[in-house]
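*Asks:* Let me give you the structure first, and then I'll get to my questions.
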Amino acid sequence: MKKFVVTVAGGGSTYTPGIIQMLLENQDRFPLEEIKLYDNLAQRQEPIAQAMQIYCRDNYPEVKISYSTDPAESFTGIDFVMAQLRVGLYDMREKDEKIPLKYDVVGQETCGPGGIAYGMRSIAGVIEVLDYMEKYSPEAWMLNYSNPAAIVAEATQRLRPNSKIINICDMPVAIETIFAAILGLKSRKEMNVRYYGLNHFGWWTSITDKAGNDLMPKLKEFVAVKGYAAETEDYQHRAQSWKDTYLKAKDTFALDPETLPNTYLKYYLYQDDIVAHENKDFTRTNEVQATREKDVFAKAHQIIEADSAHDISFATGSPHASFIVDLACAIAFNTQERMLLIVPNNGIISNFDPTAMVEVPCLVGKNGPEPLAMGTIPTFQKGLMEQQVAVEKLVVDAWMEGSYQKLWQALTMSKTVPSAGVAKKILDELIEANGDFWPVLK
Ligand SMILES: NC(=O)c1ccc[n+]([C@@H]2O[C@H](COP(=O)([O-])OP(=O)(O)OC[C@H]3O[C@@H](n4cnc5c(N)ncnc54)[C@H](O)[C@@H]3O)[C@@H](O)[C@H]2O)c1
Ligand SMILES: O=P(O)(O)OC[C@H]1O[C@H](O[C@H]2[C@H](O)[C@@H](O)[C@@H](O)O[C@@H]2CO)[C@H](O)[C@@H](O)[C@@H]1O
Ligand SMILES: [Mn+2]
């Protein structure tokens, strides 16, 4: 069987060890020749890369792990790029969260003004990596987690419409893992789902078992009382902020009991409540720095100092890592697995903008995703999505045209922002904070 070469772009990411471990563990279905780590920040990538080299040497000596900041070295002779860039690192994420909060507006990584600011930074980084891949390995596929996925997908679709990039999100699969636990199933793969929306802005309309039996009534009964607060072992969600998010799904569900909501809808539907409960001096960035980032780098340093990975391991088995490996397998071996991906609407939701990037079930094979028709959607969801997709499109317009006006309109249009006046104040502070990360706006 062919052995694959995979580049992990954003090699210094806190998610890199999990993805590498998942790749190594799945070689019976996806054999590896080499994993290359690429990052534009050598000192962030180095400890992760060196620790994973030791881990691989001790456990999978047949696979090579290399790392570099040189694009030619990193992108030549590869089959897949698995990308997870954070342009501006946690320092800028913290500003994305804290600046809007000063004005009592949602401060979040991918939603509202924080997501808009992050989008304005991410577009260039993602396009840069995509161009490297196409220059050095034109046949390769880029599987892209880099956030904010909705804005990044809109930008890549407009700027590189023919590129082999698939934008993805792990939130639906993480929630489906909870659904499976609630239903007493061993795996989310025992369910067939129908789901539609924008990234971090969608709804499940049907969940059945493989025999076609409706599982929604049992799920709804649970969610009406507890939201998504099921006792699972998902490491990421032990943080109090994630527990709060999962509980809040109960209130989001109450607004439309016909469907089950994505957790991120809380930022658009209960924005006042979210802001009221936020600690403006200690946001999610600070929590991540004190937990995931600290743990991952501490373990990397321990492995390097011990020159052994026998007794030290990273958290494994996350839906984040398994989803991207499943996607690579589906493309490599034409498995036709059904997966939720972000793709051009193009009639999939028949009463919605055909040019919008939507998140829907797709069958995935060697030519990429084939989306399944979702039909018409109700007025409530359609109205919300039209407003939100306009925000995302205006951000990409603003980035492409260097337009202050369009970005001000985008912020004003966001359901999280109360007025054009507040939008302008937040925008002016974000421009100052983002400096050269953003194009100059006129
Ligand atoms: N789509 C999803 O559902 C999903 C899920 C989880 C994480 N993410 C995203 O994954 C990314 C990584 O998250 P993290 O918390 O591990 O962040 P992180 O800061 O630990 O890692 C990001 C890495 O990207 C590197 N980087 C930044 N710009 C780059 C560029 N232009 N070229 C190469 N490397 C670059 C940084 O140096 C850093 O090492 C974020 O965008 C996050 O939002 C997405
Ligand atoms: O606040 P963070 O950095 O911990 O997470 C933000 C990301 O949250 C979602 O991804 C979760 C996922 O739901 C969970 O199962 C696990 O894999 O961890 C991920 C990170 O916590 C979301 O889908 C991403 O877009 C966010 O970046
Ligand atoms: Mn996501």
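Note that Cβ sites are derived from N, Cα and C of the backbone, with glycine treated the same way.
Predicted automatically and left uncurated, TrEMBL annotations should be read as such.
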*Asks:* From ARG238, ARG284, ARG292, grab the residue that TrEMBL records in the same substrate site as ARG93, ASN147.
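*Replies:* Given ARG93, ASN147 bind substrate in TrEMBL, the matching entry from ARG238, ARG284, ARG292 is ARG284.
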*Asks:* Cα of ARG284 (substrate binding site) to Cα of CYS169 (Mn(2+) binding site): how many Å, rounded?
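*Replies:* Pair distance, Cα basis, whole Å: 18 Å.
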*Asks:* Which recorded positions from the list ARG93, ASN147, TYR264 come close to ligand 2, meaning a Cβ under 6 Å from one of its atoms?
*Replies:* ASN147
*Asks:* Less than 6 Å between Cβ and the nearest atom of ligand 3 is the rule; apply it to the recorded positions ARG93, GLU109, CYS169, TYR264.
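*Replies:* Listed by sequence, the hits are CYS169.
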*Asks:* Going through the recorded positions ASN147, CYS169, ASP170, HIS200, ARG284 in sequence order, which have a CB under 6 Å from an atom of ligand 1?
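*Replies:* Cβ under 6 Å from ligand 1: ASN147, CYS169, ASP170.
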*Asks:* Note down the number of other Cβ atoms within 10 Å of the Cβ of ASP170 (active site, proton donor), including every protein chain shown.
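*Replies:* ASP170 (active site, proton donor) is surrounded by 20 other Cβ atoms within 10 Å.
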*Asks:* So what's the mean pLDDT when you look at the domain 'Glycosyl hydrolase family 4 C-terminal' (195-417)?
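*Replies:* The predicted confidence over the domain 'Glycosyl hydrolase family 4 C-terminal' (195-417), as a mean pLDDT, is 96.
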*Asks:* What whole-number Å value do you get for the CA-CA distance of HIS200 (Mn(2+) binding site) and ASN147 (substrate binding site)?
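*Replies:* Taking the Cα atoms only, HIS200 (Mn(2+) binding site) lies 11 Å from ASN147 (substrate binding site).
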